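Copied over from Swiss-Prot, here are the features:
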| type | residues | note |
| --- | --- | --- |
| SIGNAL | 1-23 | signal peptide |
| TOPO_DOM | 24-667 | topological domain 'Extracellular' |
| CARBOHYD | N84 | N-linked glycosylation site |
| CARBOHYD | N167 | N-linked glycosylation site |
| CARBOHYD | N174 | N-linked glycosylation site |
| DOMAIN | 199-393 | domain 'Peptidase M12B' |
| CARBOHYD | N583 | N-linked glycosylation site |
| CARBOHYD | N628 | N-linked glycosylation site |
| CARBOHYD | N664 | N-linked glycosylation site |
Amino acid sequence: MLTTGIFWMTVLISHIQERGIVGVEGQELVHPKKLPLLHKRDLERIHDSDIPEEYEEELLYEIKLGKKTLILHLLKAREFLSSNYSETYYNVKREVFTKHPQILDHCFYQGSIIHEFDSAASISTCNGLRGFFRVNDQRYLIEPVKYSDDGEHLVYKYNVKAPYATNHSCVGLNFTKKSALIDVENIEEHNAEDHHKEKFIELFVVADEYVYRRNNKPQNKLRKRIWGMVNFVNMIYKTLNIHVTLAGFEIWSAGDKIEIVSNLESTLLHFSTWQETVLKKRKDFDHVILLSGKWLYTSMQGIAYPGGICQILRSCSVVKDLLPDVNIIGNRMAHQLGHSLGMQHDGFPCTCPLGKCVMGDGSIPAIKFSKCSQTQYQQFLQDQKPACILNNPFPEEFNDYPFCGNKKVDEGEECDCGPVQECTNPCCDAHKCVLKPGFTCVEGECCESCQMKKEGAVCRLAKNECDISEVCTGYSPECPKDEFQANGFPCRNGEGYCFMGLCPTRNEQCSELFIGGAEESHSLCYRMNKKGNRFGYCKNKGNTFVPCEEKDLKCGKIYCSGGRPSSRLGEDKAYNLKNVKQNVTIKCRTMFLHHNSRDMGLVNSGTKCGDGMVCSNGECIEMEKAYNSTICSSPCDENDVDDNEPECQCEEGSIITEWGEALNLTSVSIMVIVLVMVIIGVGLVILLIRYQKCIKMKQVQSSPREIRGVENKGYFPEEHQTRSEPILTDIHPLHTTAESLERVPSSFSSPHYITLKSVSKDSRGIADPKQTDNVNLNLDTQSGCERLG
């Protein structure tokens, strides 16, 4: 007995030392017992393949912890991997290899504790139970005991008072003025306007060489470690109705691809450049996280660009991975992802005790998002409209075997709030996935207290003068699609024109580029755009900076005054223009952004540059050309603001990236259509005349008489029938069409008109009224009758 006790004590001590677990207090040896399921709830599904799954869809485990018995209820994490999931490695020659494994089964689960309302779990069952679970505010780590054949596990209790537990910090990059401090009094009001639709974030993970070296044995150890982190992140973000899925990972197994230094801002800048110029060209994702295992002399545990989600250069973050506890690293990933979604650190008055909140400064795994974080996230959605997280990465055919309880409204269901023990929605019957009697809706901006709001109730307020308020229809729980004023609608008392729901001005752009109250500089500063260098140009073609023409000066590099530059964004340049006679000095400041393929230092497209003129790709052009329509650029009628007619509203997402190219393409398309219609029209007229001629010639007549166009009211003898459609002879883009018009004299100019005229008894001619001689296209009417007859 004593020998056995000493053995287990040695095992426990060696296990703790090997794992190096921090932020925990004590441990308890447990023997999880697998329980039979009391019900299947439609879990026996038909799979597309005949390959049986090794891991069950639903599990129950009994864990006796202290004096309590916990029943752990687990459901396999669905849509855990994106449909385009990939894994990338490098060989010893530094050659890159990417594979797309078709993983049909996995051992990662999420769930809760039965009979505990406030509980959650993120567990893998690959080799025993490993992961995180909580009951109320108390959090636990469970792991199998190494070298044990009897199913022993260790359960650690996270200690919020442990010294290390308050040592978590990250680099706090400045938020723009749009991410202002939250007014706590309006928190509930903002939550009432919550966006209920599920969001999707395709997460990609990059592991540096140090992480690889520590986790390369056994071969799949690092894969399972990354999967465990993402499973934890997904569990946390489900509380915001965000589904985080793993798009793939890349392992720098043959050396780091960037320089990783103690200054995390510099490391983030290097990583953002690499992922934009290299990774994005071979992989699609919404956000990428670099896990760095390099020992850096800094207490900072991570860094991210504030509000950077869906932005090519800024949707990335760096997280230090020096601890063996997957849950703590997953918590850091969730924290940095929160910054990318517009969330700031929790502080007064939104303090979050006991390390419970994701955006707090605790190191142990968090439980939830604070009210401030939720409000900041909702405000970010309204202001920035990040489109990438609205895209469901799973096609319909990928979402197999529907069942009641999967939190998706499948065919035949009215609602689905998840498993019975997890459902908290008062409107939905979780057993049958139907609405409870007397209720008409479950959720949505136009659903209140399980009843649809009346027609005309405002469900989305206009955010600015270029936006339009949306109202409920009375028959749908969802708010209608977000629409806004037509592009070109005057805004800010004539200072600008609306563009895609915003009113872009140079003053606002300056305040975003520079910190501390910058505004547009004097108009004389824009003369510097004639220089044709990186601090003054209108177009960037390769490595050549094209100087601005006179008319385009205010659409080149933007010049500001006041504020201070942000070294994080790029390099600034200041000019001092001095007027000796008036003894006046004008300061002109501009910025050249680092590693940015689309230079945001140029004046934004849609910014006013004259009456009826806007900037477009470094040029000042008329609004009709910029927006490719005189209709959409004209203001809406007073009574038509709220309807869906295209002349008054422009849909989101219809922005033309290259206006010039789109305009040329549209012009060619219009010319092709006009040519085809003219050719068809001329052919039909000729065919009709020939047919009528045949009919008249077949009639037996006693004496020749004048044939009048009785049936064809458009034809009269000795009168000209004139077509009003212009013929476009400039048809060089369509050589095959031009060949069919070889008989048309080259002297014809466009536009001109075709005149049909009676030339003789047996022939008809097509004549140009400007020509002295008719061009006759003689037709053999007799042979034509035989062919038609």
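Placement of Cβ uses the backbone N, Cα and C atoms for every residue, glycine included.
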Fewest-neighbour residue among glycosylation sites, criterion Cβ within 10 Å, set N84, N583: N583
Euclidean distance between Cα atoms of N84 (N-linked glycosylation site) and N583 (N-linked glycosylation site), Å: 64
Average model confidence [pLDDT] within the domain 'Peptidase M12B' (199-393): 90
